[in-house]
Amino acid sequence: MTKRVKIRDIILKVILIIGLGVGVYFSFQQTFPAILNSSGKISQNVYIWASIIAMFAGFINIYYTTKRDVKFIYPDLINLVTTIVALFLAQTYSMMPLSVWGIIVGFIQYFDWKNNVTENGETKLLRMDKKAVIIIIVGIVVALAIVAFLMMIGHEGQGLITGAFTTGTGLIASFLLAKRYFVAEYIFFVLNILMLSTYVISGQFMLMIIPLVYFANNIVFLVFNRVSDFE
């Protein structure tokens, strides 16, 4: 293991510990949506615990992903399944297809990464090429279609349109990452900046804590990769 990798892994462990600490704090703050007020105690508790487990699994997933380790798949699936459970209980059905898509992309990423592992156990990255450009173009068209659909059916909320934009951008980046394209992390970087800026402008500083953990991993991914990591 090179010095660079050792430093990276130490930083990632520190970020993970901080993330898990944040998770413990938010666990005590966790509440259920108002729509569950009329539900039974079991449904309310299942929602809270599903949300907590999804959060912890998300932190562990991004930890392994940043290390380019195929073991990311286990916490990733736990995160996505518990998220679907939470969305179902909260009756947020419109978001469930995105989680199902996340599971599909997760398996695509797992098999692609598993079949392209280097001698040191890390997945080999890809440079930008025509295939990546096609993925980006198709993703942009889909994202614009989502925004257009929301406008056509009469959704006037700027938040919905902004949400569609960020979701579409996230889908593009996640698929590029699944196919090992390093450019995905640049897209995630821009997306994280936009999302964190939104929280700052709206004064929702507490909501920034979890995205900051993901952003820290994003920066580590960008900083600690080098030319020899690419095909």
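Count begins at 1; order follows the chain as displayed.
Keep in mind that glycine also has a Cβ here, set from the backbone N, Cα and C atoms.
The transmembrane segment annotation in TrEMBL covers 7-26, 46-65, 72-89, 95-111, 132-153, 159-178, 183-201, 207-224.
Between the transmembrane segment (7-26) and the transmembrane segment (95-111) there are fewer than 3 Cβ pairs closer than 8 Å, counting only residues 6 or more apart in sequence, so the two stretches are not in contact. The recorded stretches the transmembrane segment (207-224) and the transmembrane segment (46-65) share 3+ CB pairs below 8 A when only pairs 6 or more apart in sequence are counted, and are therefore in contact. Counting Cβ pairs under 8 Å to the transmembrane segment (72-89), the stretch among 46-65, 95-111, 183-201 with the most such contacts is 46-65. Sequence-distant contacts of the transmembrane segment (183-201), counting only residues of its own chain at least 6 positions beyond either end whose CB sits under 8 Å from a CB of the stretch, comprise 128, 132, 162, 166, 169-170, 172-174, 176-177, 207-208, 211-212, 214-215, 218-219, 221-222.
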